[in-house]
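Taken straight from TrEMBL:
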BINDING   Gly4, Pro5, Thr6, Gly7, Ser8, Gly9, Lys10, Ser11  ATP binding site
DOMAIN    1-241  domain 'Kinesin motor'
Amino acid sequence: MVYGPTGSGKSHTMFGSDEQPGVVYRALTDVLEGGGDGDGESLVRVSVLEIYNEQVYDLLAGSGGANPKVTLMHYVQVRLELMGTRAKNATYISGNEAGKLSREVAEVEKRRAVKGTSCNARSSRSHCMIVLDVPSVGGRLMLVDMAGSENIEAAGQTGHEAKSETGRINQGNTTLKRVVESIANGDSHVPFRDSKLTMLLRDSFDDEGSKILMILCASPDPKDLHKTISTLEYGARAKCTRAAAHASTPSGKISSKDARYEMRLKDEEIARLRMKVRLMEAA
């Protein structure tokens with residue numbers, strides 16, 4: 001998943017351009033090259049979901065020849081099943097050509113709900129979730145382009161409706177933070193069901209065999225210093241979810257592998273704090 005304030009390059013990181021391919025194209029390439037069933041053939045099924053105002057929409061539904069400027073009223077709202085962790089009857093496209101699939105996904109992504117704010121002329125007002133299923137191995141990869149983590153004042157939003165919209169958009173970001181905090185603290189209750197985003201991501205957090213990668217996007221602009229620090233601090237905290245999972249062993253002892261992992265986390269935390277000091281001194 002890509003996380004950061006609006007305008008920091010999340011969508012560009014995820015979708016890229018013809019000259020600079022993004023995460024979607026690179027992920028499809030890797031999956032198709034490594035997901036074959038032994039005869040060199042591989043097939044990927046791709047679905048594209050949008051979470052807007054705490055509702056889940058299928059951006060691929062009726063996409064064949066559809067108007068790219070169509071409003072959300074024309075999209076199919078998706079129901080969730082399996083305790084909210086899966087999208088029911090979501091449309092998918094399939095194939096074995098990374099370039100073709102990534103172009104189709106990028107074209108669909110342009111239909112996301114956007115609105116100009118003082119932070120960004122084309123601020124994504126929704127979370128976009130691209131789900132890659134590989135039937136031959138039963139694997140699943142979820143790529144999430146999160147909505148900008150902006151506040152109402154900074155975004156220049158006025159009026160009750162606009163403020164309510166921003167509040168609902170931030171609900172996914174806020175709940176994800178609470179989920180990360182709860183897991184890192186070892187809490188017995190983790191608030192997955194407080195937002196559609198975290199409900200759909202639940203399997204990734206619950207499954208011991210899963211891996212989560214968070215890409216932090218930060219602005220080089222000095223005026224965004226506080227946003228950069230907040231993003232980096234959140235990323236450092238998110239890493240503790242894996243540290244918490246490694247914290248205990250049946251014997252009560254920490255293995256040498258886990259000890260090295262803990263040391264690396266501490267070294268990275270020290271480096272992060274030093275960077276924070278340098279940024280504050282430069283401001």
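Placement of Cβ uses the backbone N, Cα and C atoms for every residue, glycine included.
All TrEMBL annotations are machine predictions without curation.
Other Cβ atoms within 10 Å of the Cβ of Pro5 (ATP binding site) number 22 in total over all chains. In the structure shown, across all protein chains, Gly4 is the one of the binding-site residues Gly4, Gly7, Gly9 with the greatest number of other Cβ atoms within 10 Å.
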